[in-house]
Number of protein chains: 2
Amino acid sequence: MKLTILGCYAATPRTFTNPTSQVLEIRNHHFLIDCAEATQVQLRKNKVRFTQINHIFISHLHGDHFYGLIGLISSFTLLNRTGDLHVYGPKGIKEIILLQLRYANSYTGYQLFFHELESTASEVIFEDEKVVVKTIPLKHRVYTNGYLFQEKPAERKLDPDAVRKYKIDICYFQNIKNGKDVTLEDGTVIPNEKLSFDPPAPKSYAFCSDTVFTEDYLDIITGVDVLYHESTFLESEAHLSERTMHCTAKQAAEIALKARAKQLILGHFSTRYDSIEHFREEAMAIFPATDLADDGKIFEF
Amino acid sequence: MKLTILGCYAATPRTFTNPTSQVLEIRNHHFLIDCAEATQVQLRKNKVRFTQINHIFISHLHGDHFYGLIGLISSFTLLNRTGDLHVYGPKGIKEIILLQLRYANSYTGYQLFFHELESTASEVIFEDEKVVVKTIPLKHRVYTNGYLFQEKPAERKLDPDAVRKYKIDICYFQNIKNGKDVTLEDGTVIPNEKLSFDPPAPKSYAFCSDTVFTEDYLDIITGVDVLYHESTFLESEAHLSERTMHCTAKQAAEIALKARAKQLILGHFSTRYDSIEHFREEAMAIFPATDLADDGKIFEF
């Protein structure tokens, strides 16, 4: 998995900081998560090819998370995109985008599918042979979802030495990769674990932004490998945090601890602070495996 | 008058170029003309204070001219704006903005007035004691207006030496500035031109973007001091220009010549060309007083 942070600051775009948007590369997918104003410029700056983006997940309909969507959809048309585009987001997103395309009299030249969400329970919204994506219902000022991206277990790896030793015919290889034992012509059964290695453990990534501090979604993210969690404020601004339904760095760390996450990435920083390092310090006191997002930063796990 | 170009390129925002937006300072007003995606960042970069913007003029509902409006309106709220904001633009603009504010559940904390346009004849849409703004109906793929900004004649300037010589009482000063003669107590009439100087000639600025080549709006802009005119293509791409209802640099120059403009500024450049200097060369063959817009460029006249 590779995570490219296009923007990770709260509220308004500024000269040197961008609101929320990120690209998760997972098993050959390039999932765009949130799409704040000028995300298309951030994609260009970070050299993410537009044609790689086929699925866009929008957490909620606040501007700092989706005002760049209409521009990206329009630019795809201007650049003669042909591939399907799937947009997942709160109910209303389709109406907002189509209204603007209608007034511009410029409908997309490609198939545009909206998957509108309104459930307050977690649901599987995308699944193929390699990846599952589930919603993480969050609590914010408007209907909001985080997203959990889970790799499915990969095929087992063939052990070339063992295969040669037991003179296994090529026609059995796919069965071995699928975990099956092999029965030789003389009736001998070679157990699968003698012929193959475990595949790399499937990884998972949870994106949680924006939300007030609550344990309601702990079950869904428990055991996640990497948790990206909003931490708009420090504890010194806990009053603002509660009022605006956001989290502090300390609260994000508590969530990571309780969810037994392996790694925490903080983001959605208020631009009021002189340095985002304060967020790391506050969180690490509770959850040491804490890292900070920043625009243009890449995480590989 | 001072014109700050925030963006002057066509179609999609790119890493180093921005779509249409500009600020016209005229008689203490800061008029924002068009508002493409990330205009709020361009305002910051070019040090235009958000609180100075009270009137926004949108030419048409294509993304490269107004997708930054919703973000700017939202940021004004986040930054606790209190002053009224007036938005002028095609019918539909109010529906688009209000729909997004409704789904974000974040209405503006200031008064937001929409002045929706649908006339195909030129009309006065703003007037105070110093400035008049009229629409310039253009011909594009959707309903589009350019805007003509005209200073009103300023007050005459008092001639301090003459006023002293004729011993004119201070109570007559405003009348003199307003062009009136002064009758002394002995019945002598001092003609105004002996007591005051002509004010600087009122200036005018026409913004024409986007439009196909047509003489339909020549009457409205005739004699304009500064004409900003779109020139999306060069003559070598005249076929594209006609199909997409844009102008070439040559056509923009022909309009400037026929309108007897004093100065032409070209903009709305397609990003397909290696240098925008080609636009200047093509236009200057017809209209020598041609200049090029560019992001961040400031014109004073």
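Placed from the backbone N, Cα and C atoms, the Cβ positions cover glycine too.
Just one of B:Asp210, B:Asp216, B:Asp219 is listed by TrEMBL for the same Zn(2+) 1 site as B:His60, B:His62, B:His140, and that one is B:Asp210. TrEMBL annotates B:Asp64, B:His65, B:Asp210 as Zn(2+) 2-binding residues; of B:His268, B:His278, the candidate listed for that same site is B:His268. Listed binding-site residues: B:His62, B:His65, B:His140, B:Asp210, B:His268. Those with a CB under 8 Å from a CB in chain A, in sequence order: B:His62.
Cβ proximity to the Zn(2+) 1 site centre (mean Cβ of B:His60, B:His62, B:His140, B:Asp210, cutoff 8 Å) flags the following additional same-chain residues: B:Ser59, B:Leu61, B:His65, B:Leu138, B:Arg141, B:Val142, B:Thr144, B:Ser209, B:Thr211, B:Met245. When the binding-site residues B:His60, B:His62, B:His140, B:Asp210 are screened for a Cα within 10 A of the Cα of B:His268 (Zn(2+) 2 binding site), the ones that qualify are B:Asp210. Packing around B:Asp210 (Zn(2+) 1 binding site) is summarised by its Cβ count: 26 other Cβ atoms lie within 10 angstroms of its Cβ, all protein chains included. For the recorded Zn(2+) 2 site, residues B:Asp64, B:His65, B:Asp210, B:His268 set the reference point as the centre of their Cβ atoms, and the other residues of that chain within 8 Å of it by Cβ are B:Ala10, B:Ala11, B:Pro19, B:Thr20, B:Asp34, B:Ala36, B:Ser59, B:His60, B:His62, B:Ser209, B:Glu230. Neighbour density for B:His60 (Zn(2+) 1 binding site): within 10 A of its CB lie 25 other CB atoms from the protein chains shown.
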